[in-house]
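**Q** Below is the structure I would like to discuss, written out as structure tokens.
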Amino acid sequence: MEGEKKSSAAVSDVGAWAMNVISSVGIIMANKQLMSSNGYAFKFATTLTGFHFAVTAIVGIISNATGLSTSKHVPFWELLWFSVVANMSITGMNLSLMLNSVGFYQISKLSMIPVVCVMEWILHSKKYSKEVKLSVVIVVIGVGVCTVTDVKVNAKGFMCACVAVISTSLQQISIGSLQKKYSIGSFELLSKTTPIQAGSLLVLGPLIDYYLSGNLIFDYNFGPGAIMFILLSCSLAVFCNVSQYLCIGRFSAVSFQVLGHMKTVCVLVLGWVLFDSELTFKNIMGMMVAVVGMVVYSWAMELEKQVHAKTTIPHAKNSLTEEEFRLLERMESAPAKDPESGGTKVFES
């Protein structure tokens, strides 16, 4: 019975990972076609994110209305605070990409793993083993080698990158914290936060996109092809958002960041296969190092689980034995009713 539970949990974990990887890589490919100059030149990334959250919110409302999911109470101020942090993350990332070089943008994304580790240590007193730290370093080096090229930075871009990294790390940590604090499922939490995020991004998104691109979304020509890719992007975003909350709820923000770099490797490979993007020897070597780091990370996390199990199970067994021992002592010393005679019966050793 216990083996069946473990195997079903493992299948669920793999399913959550697979859903996140497939949907995330799919949405990047769809957005590449939608937003590139060779595609449909839809330059409104922040507003598109608002569309993503709006569709996810509608799916959540339908799910709650039909009874497929249950709604639990979470204080509105916590939902509002979370939504503000999440929107700062999205805006900060877009501004960082616009104001900095692609190389520095990639470095800022790589810095999220150590930032998440430090923030979890500060906020939750979480500690990491040497093996986990080593694997994270290997992953960061590998992804850095295959993605970082030119590195140019300025004061405004650096400030936006700092805001993006801190807010993204805090958002991902908060997903797991809110789920544990209010015993709420990943989809239930998502359905509560997305309406706030959608409303704010649909209002502010066009203004932010105008600042970033110099174009108004109201002047864009929405042809059939562009609409089809927007709908595809929004559909994939539902799976991407749900799987993100699932993964962080099941594992941790650090694990989710490591998974994110695995998606980077997949995007590079698919870009080479589908869009004839250049794939150099440096890219290939970096990807191989990153994959080794991910394997080491998986091994290190499994090792941590085994060590944790060994330290917790004996203590639980000792506690249980003491309780049983006390119960036996009471049974030996205390008189009890004899069910047959109606009198008292003394337990004999």
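Backbone N, Cα and C atoms are what each Cβ position is placed from, and that goes for glycine too.
Taken from TrEMBL, the feature domain 'Sugar phosphate transporter' applies to 24-298. Annotation comment: TrEMBL describes 40-62, 74-97, 134-151, 224-242, 254-275, 281-300 as transmembrane segment.
Show me how these features fit into the shown structure, please.
**A** Per-residue pLDDT, averaged along the domain 'Sugar phosphate transporter' (24-298), amounts to 82 for this model.
With a cut-off of 8 Å between Cβ atoms, the residues of this chain six or more beyond the transmembrane segment (40-62) that come close are 31, 33-34, 69, 90-91, 94, 187, 190-192, 194-195, 197-198, 201-202, 204-206, 208-209, 212-213, 215, 217, 220, 223, 225-226, 229-230, 233-235, 237-238, 241-242.
For the transmembrane segment (74-97), the list of distant contacts is 45-46, 49, 105, 108, 157, 160-161, 163-165, 167-168, 170-171, 174, 178, 182, 184, 189, 192-193, 196-197, 200-201, 204, 208, 212: same-chain residues at least six beyond its ends, Cβ to Cβ under 8 Å.
Within the same chain, residues 19-20, 22-24, 26-27, 30-31, 33-34, 39-40, 42, 48, 51-56, 59, 186-187, 190, 194 sit at least 6 positions outside the transmembrane segment (224-242) and bring their C-beta atoms closer than 8 Å to a C-beta of that stretch.
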**Q** If we skip the immediate neighbours and take only residues 6+ beyond the ends of the transmembrane segment (281-300), which ones have a Cβ under 8 Å from one of its Cβ atoms?
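**A** For the transmembrane segment (281-300), the sequence-distant neighbours (Cβ-Cβ under 8 Å, at least 6 residues beyond its ends) are 129, 131-132, 134-147, 255, 258, 261-262, 264-265, 268-269.
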